[in-house]
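Taken verbatim from TrEMBL:
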COMPBIAS  1-13  compositional bias 'Basic residues'
COMPBIAS  20-31  compositional bias 'Basic and acidic residues'
COMPBIAS  55-80  compositional bias 'Acidic residues'
DOMAIN    93-120  domain 'C2H2-type'
DOMAIN    121-148  domain 'C2H2-type'
DOMAIN    148-175  domain 'C2H2-type'
DOMAIN    176-203  domain 'C2H2-type'
DOMAIN    204-227  domain 'C2H2-type'
REGION    1-87  region 'Disordered'
């Protein structure tokens, strides 16, 4: 015969305590999960911010690298134009790879380094290498602190021309217009790169996988990420 509980109130109290403990554990678990979700959300936001910052830095780096190369290209184009205007008088010195023509053997030899990737001029401070002595001389201003500073945002540049181009960010000046789609750009180099969208020209090739790109900056980012 089952014995009657002599302390029913005590038993109910114990049951209530067990239920309360379980509910408290469930509430604590829910709080823990909520904190975890909040931390994950914050982490995702932080990651998005970091990715955006890295993307902006990569785009800025790509633009600066393209600007430097565009300056070299502009100099080469000037030399090439001079020869072609007087083509009847003198053939000039032609690149066997891309058929650009130059006024002297030394200019052609310097240009050929863009194809051979030769960089004979090395910075004795940081060991960065360059194709031209003038580029090394410009680079050295980073170490000697002889920089050109923007009076709006204090960003510093090794070339006065790059500062001039940078100022167009603040003035929103875009003097170079695409004759196909009318999109405008701050530099002739950026317009030149953009026009390759219309011509589908991709002159920069990855040495590893042979994938081709419109700009040297895109190629460098590809190599950094993929290889």
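Glycine is treated like the rest: Cβ placed from N, Cα and C.
Because TrEMBL annotations are produced automatically, they should be read as predictions rather than curated entries.
Taken through DSSP, the domain 'C2H2-type' (121-148) splits into 12 helix, 5 strand, 11 coil. Shown for the domain 'C2H2-type' (204-227): DSSP residue counts in helix, strand and coil, namely 11 helix, 4 strand, 9 coil.
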